[in-house]
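Q: I'd like to ask you about the structure that follows.
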């Protein structure tokens, strides 16, 4: 924990995201603190030398490894949760998720900390807090919609029923997509009324969805004036809790890039053949918003300030409490727009794979031994110019052996990346389970997502222990190669590709195949490389 004396004197507490444990800031708050300011790390300070790499999560220095060296930094983590300090201040973090049983599907499809918080919090807090509205605030081209979509994906993956409501889509349906910059002028009463009308429509749709079982609505619009935000707060009274999420960007290069991307991709300019004309119109629209823009000071809010560049930045938090809002803050602290690839692959075929047995800690088969050599050649060629890339494995020998021939990159072992725990079924074949444990076999076939092996895990349990892995993958600014297991990689892949929870257990994750997930400002792109049959 690092403290900024100047910030403390002015009523701010300060934490550094380099103190993250499992991707989660450890937050100590004085009772009188009303704000928090979170400073993101400068990535230039992360890597110390060509031969050494610092793991900010574990706080250790790991030498680069030679071929065949199975040693690695062991990251032994479970589900990451904030360390919360009790405070009498109304602004302190608490542990209430504010869910009630009288709402349909009020318990999230989750396990571990998420489910525990949901059950405990049914009896706590104001009734309207059973639903949470994250209301975006931003000038255009500041990463607002990108952040909204990313947060939606994260919360869905954790098991929270979350939906993204984009007000721009309502506007285009109601008024068409060919509105000029004049439509967005604050001194255009017809335009102001039309935009407020569609905002109300979208908000009411969100409330209706919440009443049918939705938990978190992401309300995506500029919402750039106090008048608009006050309107939304009145609509929310007694119906849901609002947290404003403001994205602020002062980097002119990023803004210019985002504006150009907007002209290329937005339906508002789909029928504009002259790119430069569209560019002039959109910049005029932005100028109209800038004239009346008012930063958030009211209610509960999270401000992301210059977080997109990947060169530091900060998050300010005011009047935030509850388990889920706390998770959202922890996630946002670690997000950025730096493009980089994440490579996912299963270990080489193991001896247990050949014999059809689940779990265990067996060595590689002959085919697995061949794959590890092919994988090493692929990785060294693909990442030859990426000095800061690293290799993550589980603590099981089949992944460690698969990573063995890869040289020139640090290797980190995560217990969280271990295969799903099959409990008493570990080492058995599915035929043996069917014959000797028919009830367990049928239960698994009926619901693979929620089925928990006796004394073992379910897919939902795996998702919960993988949250620190996701947080760290989001924080990383260099490529990462993840060598893990089928169930674990299904869960990771589902996160990045926004696959529904119900599909996770059936996602195809073949042996001897590399899935490259490219992260960047345009979203997620996927490539597959099959190195062996």
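For all residues, glycine too, the Cβ spot is worked out from N, Cα and C.
Bear in mind that the values here come from a model prediction, so they are computed numbers and not experimental data.
Checked TrEMBL, it gives:
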- 1-23: region 'Disordered' (REGION)
- 1-20: compositional bias 'Polar residues' (COMPBIAS)
- 123-339: domain '6-phosphofructo-2-kinase' (DOMAIN)
- 346, 347, 348, 349, 350, 351, 352, 353, 398: substrate binding site (BINDING)
Q: List the same-chain residues at least 6 positions away in sequence whose Cβ sits under 8 Å from the Cβ of residue 398 (substrate binding site), in sequence order, or say none.
A: 347, 348, 350, 361, 362, 363, 364, 368
Q: Can you list the residues of the same chain, besides 346, 347, 348, 349, 350, 351, 352, 353, 398, whose Cβ falls within 8 Å of the substrate site's Cβ centroid?
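A: In sequence order, the nearby non-listed residues are 362, 364, 365, 368, 511.
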Q: If you draw a 10 Å sphere around the Cβ of residue 346 (substrate binding site), how many other Cβ atoms fall inside it, taking every protein chain shown into account?
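A: Summing over all protein chains shown, residue 346 (substrate binding site) has 27 other Cβ atoms within 10 Å.
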Q: Residue 348 (substrate binding site) has how many other Cβ neighbours within 10 Å of its own Cβ?
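A: Residue 348 (substrate binding site): 29 neighbouring Cβ atoms within 10 Å.
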